[in-house]
């Protein structure tokens with residue numbers, strides 16, 4: 001395998017991993033605050049369809065991304081209203097959000113299936129993108145990929161060195177204690193859920209405006225769910241989310257690798273790889289029950305009532 | 001401001017009213033949506049919900065659509081009772097269809113009464129096998145079943161697509177991604193002459209009764225319910241949690257597999273890539289909407305089948321996108337969850353409640 005091919009594979013790996021990274025970072029913040037939002041797939045699809053339609057109709061990719069993020073936030077608020085406001089079961093509410101988002105996005109996008117737009121162009125940074133092997137991977141990407149790098153660093157810093165990051169963790173570990181010392185539990189959780197929605201919306205926009213770029217019903221193909229598994233894979237650690245997202249990016253483009261190596265395997269069978277890999281990492285990471293429980297935020301998925 | 005106040009106990013009445021309330025809210029939202037789309041809301045709702053079943057043929061088609069949904073939903077009621085979140089009915093249905101088809105194609109030259117039972121059993125086995133994978137991953141590796149079953153759905157779908165493009169493709173089918181038509185011995189007979197209603201509906205009704213007996217009248221069902229209500233209590237009582245998880249998942253997988261093989265040997269007659277327009281996911285809504293109770297599931301399943309048919313009808317008559325079906329399903333589930341809040345909470349409007357409290361205080365004062 002020559003270095004050009006390898007450099008291209010690394011480039012595609014990061015590109016493919018970007019939506020996963022964005023969704024997983026959002027969900028990580030959400031879960032750190034103790035809220036399990038299984039609606040990522042629905043928010044992702046809504047971001048994708050709203051972003052695409054907005055970009056197509058207005059001709060402005062920027063507006064597309066903005067509305068994609070807003071669509072994600074709107075969906076997350078719907079989740080927040082029912083799961084946090086009404087203390088409904090978070091698992092069921094998240095599932096409902098996904099089913100609702102899948103239906104609504106297909107409905108909104110039905111007239112726009114297969115229409116082409118001029119997607120987001122990559123911007124190669126001078127000199128840096130010339131670095132052999134990793135130059136193209138890190139410095140010849142489109143702006144959203146660069147933004148995902150920045151967001152990764154921001155979230156890493158947020159949990160490592162910021163006070164609000166501590167508040168989020170406190171609320172996720174022990175909401176009653178957090179409440180007792182006067183931390184705003186509900187507000188923190190709402191904000192965390194909204195951040196998750198914004199990230200999923202952005203990731204959706206990335207899929208339909210930059211990555212593909214077009215709208216197809218159900219185009220996220222389980223990426224929202226894979227991102228949820230990524231958070232488990234990352235043991236709720238930010239730096240591992242990046243690693244995991246890119247590894248999964250690699251698993252999704254393995255058919256390119258195989259083609260490069262001259263193998264011929266049915267593309268339908270290779271399409272199974274990312275899903276099988278997800279199951280595999282879940283198995284590896286959850287095998288030790290005690291360890292798995294120690295890593296997750298203690299109050300994950302449990303509703304909180306200030307009075308109780 | 002509106003406040004939620006814990007009731008302190010489950011409201012049985014609200015538990016049954018909530019699905020009805022959710023249905024009404026979905027109808028209202030639907031009417032608003034139609035009005036926004038420039039349709040006459042009444043006519044649109046009529047097209048969606050009445051027109052599909054306005055004649056006998058329509059009613060028979062309702063049963064055709066309801067059969068797979070009901071089979072999946074009944075199975076799900078067992079796992080959900082055990083609080084095992086099997087989201088994989090869709091994949092289990094697809095595997096049932098796939099394995100059943102492979103079997104039917106193997107026996108394409110065979111004749112005899114034994115062909116169909118073998119095909120059906122292989123389909124059930126396919127579904128059960130797919131659920132067994134999830135059970136194994138959960139009990140042995142502690143892997144979250146929501147994520148594994150969803151991943152298994154995507155894997156099953158890709159396997160199915162691979163199979164119809166590859167090993168199971170009809171050699172004489174002009175390269176269409178479809179299998180050959182099954183032989184007559186492998187086809188489910190119709191229940192009523194002149195319609196497409198097949199034995200799948202009968203299986204669904206039998207399963208409904210069987211699961212009712214299991215859950216309400218057997219010790220095994222009791223154990224499953226205890227496990228779901230309080231896993232610690234179940235453990236203390238010596239119930240074997242892993243065994244119960246296995247049993248619940250196997251039952252649910254086998255029934256979903258039966259739904260899948262029922263589709264390919266029933267209305268389809270061959271393996272195609274689109275066995276199911278999301279029946280396995282719709283069944284989740286049906287199970288919740290039907291309160292995990294057999295009779296409730298029957299009603300909810302028929303409603304869901306109606307929404308599927310209504311979506312098609314709205315597409316033909318009103319030119320609305322077929323995705324309307326998914327939208328209505330999603331709304332229904334969301335409203336249900338919101339209304340379910342009323343089972344455990346009552347709504348208080350403090351601004352209104354205060355004067356009442358004051359009046360009581362005054363009355364008490366006066367009484368003294």
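Placement of Cβ uses the backbone N, Cα and C atoms for every residue, glycine included.
Remember, TrEMBL labels are computer predictions, not curated facts.
Pulled from TrEMBL, these are the features on record:
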- A:12-30: transmembrane segment (TRANSMEM)
- A:42-59: transmembrane segment (TRANSMEM)
- A:65-84: transmembrane segment (TRANSMEM)
- A:91-113: transmembrane segment (TRANSMEM)
- A:133-159: transmembrane segment (TRANSMEM)
- A:190-209: transmembrane segment (TRANSMEM)
- A:215-234: transmembrane segment (TRANSMEM)
- A:241-258: transmembrane segment (TRANSMEM)
- A:264-285: transmembrane segment (TRANSMEM)
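For the transmembrane segment (A:91-113), the neighbouring stretch richest in Cβ pairs under 8 Å, chosen from A:42-59, A:190-209, A:215-234, A:241-258, A:264-285, is A:42-59. Beyond the ends of the transmembrane segment (A:42-59), by six or more residues, the same chain brings 19, 23, 65-72, 74-76, 97-102, 104-106, 108-109, 112, 115, 117, 196-197, 200-205, 207-209, 213-215, 218-220, 223-224 to within a C-beta distance below 8 angstroms of the stretch. Sequence-distant contacts of the transmembrane segment (A:190-209), counting only residues of its own chain at least 6 positions beyond either end whose CB sits under 8 Å from a CB of the stretch, comprise 18-20, 22-23, 25-27, 29-30, 32-33, 35, 37, 40, 43-52, 55, 61, 64-65, 67-77, 79-80, 83-84, 117, 119-120, 144, 147, 151, 168, 215, 219-220, 223-224, 227. For the transmembrane segment (A:65-84), the residues of the chain that approach it from at least six positions outside its boundaries are 35, 37, 39, 42-44, 46-51, 54-55, 90, 93-94, 96-97, 100-101, 144, 186, 189-190, 193-194, 196-202, 204-206, 208-209, 303, judged by C-beta separation under 8 angstroms. By number of Cβ pairs under 8 Å, the transmembrane segment (A:241-258) is matched best by A:12-30 from the list A:12-30, A:133-159, A:215-234, A:264-285.
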